Amino acid sequence: MNENRLRTGSLTAFLTAFALFFLIGAQQSEASNVMGDNVLRSGMENQEVTQLQELLNERGYIEEITGVYDQRTAEAVRSFQQSASILVDGVAGPQTLGALQMLRQGDRGEAVYSLQGDLQDLGFYNGKLDGVFGPITHRSVKEFQKSENIFVDGLAGPQTYGKLHQAVSGGKTVVASASEQTSSSDPAENGPDQNSQSSESTSETSHADTESQSSSSEESTSSASDQDENAASESSATASESSSETVSRSASSDEPDGRTFTVEATAYTASCNGCSGITFTGLDLRSNPDKKVIAVDPSVIPLGSTVHVEGYGTYLAADTGGAINGNRIDIFMPERSDALAFGRRNLVITVLD
């Protein structure tokens with residue numbers, strides 16, 4: 001009998017352990033995969049601040065990445081917010097982080113939850129507020145974009161965030177007062193569970209926005225740059241996005257021969273404070289602004305290679321970057337505004353040699 005009890009106890013322990021493992025795995029699968037769960041503000045120092053600075057650096061808003069949310073970082077955040085036509089307060093919450101990133105189908109987290117909330121308030125979303133960017137959220141974003149006469153791709157970035165902010169704030173960009181920006185109790189971009197009615201929490205936190213890494217400058221520029229952003233952001237999210245992206249960028253004639261694959265592309269410029277303008281291979285981009293150069297990960301694309309970027313032409317792999325790792329490229333553009341408007345997009349490239 002003791003032996004039977006021992007066997008029964010062992011079986012029970014095994015089943016309990018299995019159930020716990022299953023539940024933990026399920027919870028982990030629902031974990032956020034994008035920034036936005038935590039509000040970042042002056043005085044903080046952590047890995048999330050480092051990631052924020054990297055995003056700002058990619059868009060030319062900040063040079064040094066320290067992991068410290070100092071005055072320089074706050075000013076860079078404000079500059080991005082202003083150009084994206086979202087709440088300007090120098091605090092990085094769901095709306096700002098959502099706009100800086102590229103929220104798309106498959107993403108999850110507080111930034112997505114906030115996006116769903118804004119869309120629901122505006123009558124575009126009737127699904128569950130679960131923080132999961134699924135087909136319903138994707139369709140709702142597209143419907144909102146269509147209603148605003150901006151590029152329709154179902155991705156949430158600076159342009160879409162700017163339009164959402166204007167829609168929920170009565171058609172104008174809100175600028176927080178100095179006291180609101182410095183107050184430790186101000187949840188400027190806190191998530192939708194916050195009850196505070198600060199200027200940013202009412203327009204952004206209750207439901208953040210999302211859409212691309214496309215530069216915030218698209219918000220204040222013409223519809224042509226708006227299309228640029230969206231075409232950029234949509235590339236691989238869905239098949240329809242791919243087709244619309246193909247329409248927005250003129251396709252090259254014949255497919256070049258070589259090694260072809262998809263990369264995540266951003267853009268940079270030599271026209272910024274602290275930029276030397278000299279590539280890793282020694283090319284002076286300020287003296288040669290017409291040179292078609294890309295920064296690459298040399299372990300993926302050897303320096304000196306000729307690379308055809310579908311829809312944009314042929315470039316020389318002549319530079320590197322701290323954030324350019326794996327299947328990523330950074331395209332040089334003479335004008336800072338063009339680099340900001342380019343944002344982040346998936347492109348097909350072919351390494352010719």
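Cβ atoms are placed via backbone N, Cα and C, with glycine included.
Keep in mind that this is a model prediction, so the values were computed, not measured.
The compositional bias 'Polar residues' annotation in TrEMBL covers 176-195.
What TrEMBL records for 196-225 (among others) is compositional bias 'Low complexity'.
Residues or ranges marked as compositional bias 'Low complexity' in TrEMBL: 232-253 (among others).
Annotation source TrEMBL lists domain 'Peptidoglycan binding-like' at 46-100 (among others).
What TrEMBL lists as domain 'Peptidoglycan binding-like' is 108-164 (among others).
What TrEMBL records for 292-352 is domain '3D'. Summed and averaged per residue, pLDDT over the domain '3D' (292-352) gives 91.
Residues annotated as region 'Disordered' in TrEMBL: 172-259.
Counting residues of the domain '3D' (292-352) by DSSP class, helix then strand then coil, yields 7 helix, 26 strand, 28 coil.
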